[in-house]
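Q: The structure under discussion is supplied below as structure tokens; questions concerning it will follow.
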Amino acid sequence: MTISQNGAFVRQPLIAGNWKMNMDHVQGITLVQKLAWTLKDHEHDYDRAEVAVFPPFTDIRGVQTLTLGDKLDIVYGAQDLSAQDSGAYTGEISGQFLKKLGCTYVLVGHSERREYHNETNQVIAAKLAAAYRHELTPMLCVGEGLEVRKAGEHVAFTLEQLAQSLEGVTAEQAANLVIAYEPVWAIGTGEVAGPADAQEMCAAIRGALAERFGAEIAEKTQLLYGGSVKAANAASIMRERDVDGVLVGGASLDAEEFANIVRFEHHLVTD
Ligand SMILES: O=C(CO)COP(=O)(O)O
């Protein structure tokens, strides 16, 4: 997180909650209501960061109605989308439908999609193209597994994943892209990457983006860290120069805990 001389953030902090396959549509509405209520008490922090949630598909309509009706400053996205636009693809969800439901973002290439649904970098590149066709901002997830980390090849591995997933993306499109570094060994394990590990990878990713799309786009791209983020560790990770936010799984299901992550600046001052 870089702060400019006038005290503003160089890139807006982004705190995102990936609910995964949790929360039915009724629970989803309750969670967003609670979150909005809790965040209201901390308006200053809330003003400075963007707050995004990624509910299951079946919750999105309800979240749309609630955020529109109550004019909540919470944006939302889907956890996946189809590489296709429409047609005989049973069970798939088009980016077109997500756009119509007011989604700002869509997660692409989450490690759980890569692992359980065999999504390759090529599939992910096709999904990125679909996101751009429908004017959704993709949040591309990359990150290495434990074996790769132990072998010390995490940077090379993740940058290769990034390069292949971004195949076909133009500089103009890349101006509208968020990248989440989520080391697989840190997801849902309670084992969080240290701030220096997160910084090392985010700096490498920013360098790769600069080479591919130019320094100006690289400097503007928000890079997030994900993997066992909680209120207790979020601020120290976000303090790092190239880490602009967090993608939170388990802790985003608890409105209080998630709101406390949004209050990272408070923790920066007090920890
Ligand atoms: O996968 C994640 C977010 O997309 C991280 O999940 P946890 O925060 O539960 O480790």
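Residue 1 is the first one shown; counting continues down the chain.
From the backbone N, Cα and C atoms, a Cβ is placed for every residue, glycine too.
Per TrEMBL, the feature active site, electrophile maps to His110. The active site, proton acceptor annotation in TrEMBL covers Glu182. Annotation source TrEMBL lists substrate binding site at Asn18, Trp19, Lys20, Gly188, Ser228, Gly249, Gly250.
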Q: Which recorded positions are spatial neighbours of His110 (active site, electrophile) here, meaning Cα within 10 Å, out of Glu182, Ser228, Gly250?
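A: Within 10 Å Cα-Cα: Glu182.
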Q: Taking only the binding-site residues Trp19, Lys20, Ser228, which have a CB closer than 6 angstroms to any atom that belongs to ligand 1?
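A: By the Cβ criterion, which requires under 6 Å to ligand 1, the hits are Ser228.
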Q: To the nearest whole angstrom, state the Cα distance for the pair Gly249 (substrate binding site) and Glu182 (active site, proton acceptor).
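A: Here the two Cα atoms lie 11 Å apart.
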Q: If you measure Trp19 (substrate binding site) to Glu182 (active site, proton acceptor) at Cα, how many Å is it?
A: 15
Q: If you count the other Cβ atoms within 10 Å of each Cβ, which of the recorded positions Lys20, His110 comes out on top?
A: His110
Q: Setting Asn18, Trp19, Lys20, Gly188, Ser228, Gly249, Gly250 aside, what same-chain residues sit with their Cβ within 8 Å of the center of the Cβ atoms that define the substrate site, listed in sequence order?
A: Ile187, Val248, Ala251, Ser252, Leu253
Q: Given the binding-site residues Gly188, Gly249, Gly250, which one is most crowded in terms of C-beta atoms within 10 angstroms?
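A: Selected residue: Gly249.
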